[in-house]
């Protein structure tokens, strides 16, 4: 039914103070946004609400239409229980400086083009730079090969005597980095003052180290003990015997004992990343060279590669280190390169913040680069990395699939271990929350018959549901990772609208997030102030046009005189207008889709109202008369209809004329006559299907499930909003496209999904309201002995299957495919429906709104000022 989508948003609380006549304005805390839309700024954090107000005047009549016999105005309705709940921020947005936005966009475009060429930015690692600085010159062993690295070490010591990230004190990182720098300085016998300050820091802080609380650095159990051993040999005055070091020694011995040397020498594993910590093992360093990446590194680790060079004097290893030093301004990071990881996370961040509208071409270039390294076994963090991981593979799989690249979920098979467990790397002992979150997100873009993604979804979902809120992630220190997890679990991919998702992530996004490897590091192109400022600016920009568009819709409602319809069960009223409007704003938010938003909102109102009327129908004779008028599509026959049918038909008719005029200006290749026939045909098809529904109800007829679905797929009406709105979605259209689009596979899947999710959630309520014809009852009639639960299981399985088919239809480009924005609108129409009838909701949101849905709509209205 038409109301299934829009009615739920009717409950979110924007109040309407309405009288018949000319619209006076849309008010926030008494300020008229119609006359003062962008000039006023309200107090920040004030609790303002929207009121729609009209001044008294004679009600305008419909053009070319005279409504005879209209009843007197009804008494003002008492306020509905859901009114007055939703508030918009008191801090009104002003016109934005587009020059500043343009500068931000230009800066980010520069970053993306750098990533597309394999370049990026990562913070230097004192630990790794110190390892590289140990290397002696080939021509004179008394001199360093990289004197600039030694100079950087001395100049980068922090005021407290330590080395490491200067904006965040992570004790393990500071101690390890400081120890590495001291060993290097002591080896070259330089920087005595720096050594003194560094040893003082270690003496004061090593005793503060505690047993692993889940925040140890990657490989710390092997790298730190080895550094202690070397420091002791050099005579550094630091505490070697502490409770922590004793416990760590026990843990390290156990870990080293489990390492199979044959595997270490024969196949690339994560052990290659920390070879400098494995020097006590009987390693054949010449065999290790066979596991070298093509760039000369060992798993893109400068410190591990430096260790191998010190053992072997391998020229390829040295060349890698020389390249890294030159490229990174003589202070190497803990990963080099990290190009695939960085590129994927930059694109993901841009899309989650909702600013990808500025960077379509640049994102395509970055993803082309990433895709060139995709394999059937997944992907690693760098283009030369020989070990793939589930985190990068999941992120790459999801983003590449959503952008139409051909990627196979078989890449996840290698991460599935005996005992029904997934791992990030082979040999991993514990999970990180962030990797499971990315796996969970990737699992939701599945196609039919992809069993491995069913496994990944269940595994990651169960893990995230049960993870301790105090759990420390292995791979990142983020602003609010558990907040991200909670939001993702509550808002599955198909059940969340774009701007709701974007605005939520604006709250969770951290400009100063840290990443964890052998040391902590930063990715300035992933976490920065520019992204957040641009995201906030765009969120505000999306609000600038809203008052004028909503005002236009309110004026239209009053000119249509819907409130004159005499029906005691009519739930459609002007209060639903803001909710319908903000739903489409949360989806097609771009400024160029202004006409689409307005006409979509009108279509939703009309369909909701007419669906209500069909639910109330009791006369076969009146239905026959209505069908005759609809099929002939003749406004002169509207006087034959009772008032409750006459008013909406006249508005259907007038809306088609208005839309025809607007669409004709856009699609000059299409005649107005063709467009008018196209639009009237849509409404004719819809209304005839709703008449059939009403006829079945009056006659008490329960059809077979197949017969029911054939009509119910039409009466659900969501396809109507798609077919009408595509005229304004910015795509060139032809008569052939418009004549065949209804029968296209995406539209067919849309109709099935929307009907099924409606029936699954509302069948009990509709039975109580005397509407026995719905999917559950038809299935039970066709399968004698089947219970309601049996019917629901069948409908739910059919729904999930069809959602996977919709994913495939949307993300994969097919021959003779629909234009991109049409596919997008169709997909988002389904998401609008699914967010309304989420499987966790067991009520009819048309009559019983819930706080969760209200909160979601608040996201559409909020402007975040976090800078």
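Yeah, the Cβs are placed from backbone N, Cα and C, and that goes for glycine too.
The substrate binding site annotation in Swiss-Prot covers 255, 474 and rests on similarity to another entry. The Mg(2+) 4 binding site feature in Swiss-Prot is assigned to 389, 391. Under the heading Mg(2+) 1 binding site, Swiss-Prot lists 611, 615, citing similarity to another entry as support. The Mg(2+) 2 binding site feature in Swiss-Prot is assigned to 611, 615. What Swiss-Prot lists as Mg(2+) 3 binding site is 758, 762, 766. Taken from Swiss-Prot, the feature motif 'DXDD motif' covers 389-392. Residues or ranges marked as motif 'DDXXD motif' by Swiss-Prot: 611-615. Summarising the annotation, Swiss-Prot assigns transit peptide to 1-55 and lists sequence analysis as the type of evidence.
Secondary structure at residue 766 (Mg(2+) 3 binding site), taken from DSSP and collapsed to helix, strand or coil, is helix. Of all the binding-site residues in the record (611, 615, 758, 762, 766), the one with the smallest CA separation from residue 389 (Mg(2+) 4 binding site) is 758. Residue 474 (substrate binding site) falls within neither a helix nor a strand when secondary structure is assigned with DSSP, and so counts as coil.
The distance from the Cα of residue 766 (Mg(2+) 3 binding site) to the Cα of residue 391 (Mg(2+) 4 binding site) comes to 45 Å.
Taking all protein chains in view, 14 other C-beta atoms sit within 10 angstroms of the C-beta of residue 255 (substrate binding site). Each residue in the motif 'DXDD motif' (389-392) gets a DSSP state, and the totals come to 3 helix, 0 strand, 1 coil. Cα to Cα, residue 758 (Mg(2+) 3 binding site) and residue 474 (substrate binding site) are separated by 41 Å. Comparing residue 474 (substrate binding site) with residue 762 (Mg(2+) 3 binding site), their Cα atoms are 43 Å apart once rounded. A gap of 23 Å separates the Cα atoms of residue 255 (substrate binding site) and residue 391 (Mg(2+) 4 binding site). In this structure the C-alpha atoms belonging to residue 762 (Mg(2+) 3 binding site) and residue 615 (Mg(2+) 1 binding site) are separated by 14 Å. Counting every protein chain shown, 21 other Cβ atoms lie within 10 Å of the Cβ of residue 474 (substrate binding site).
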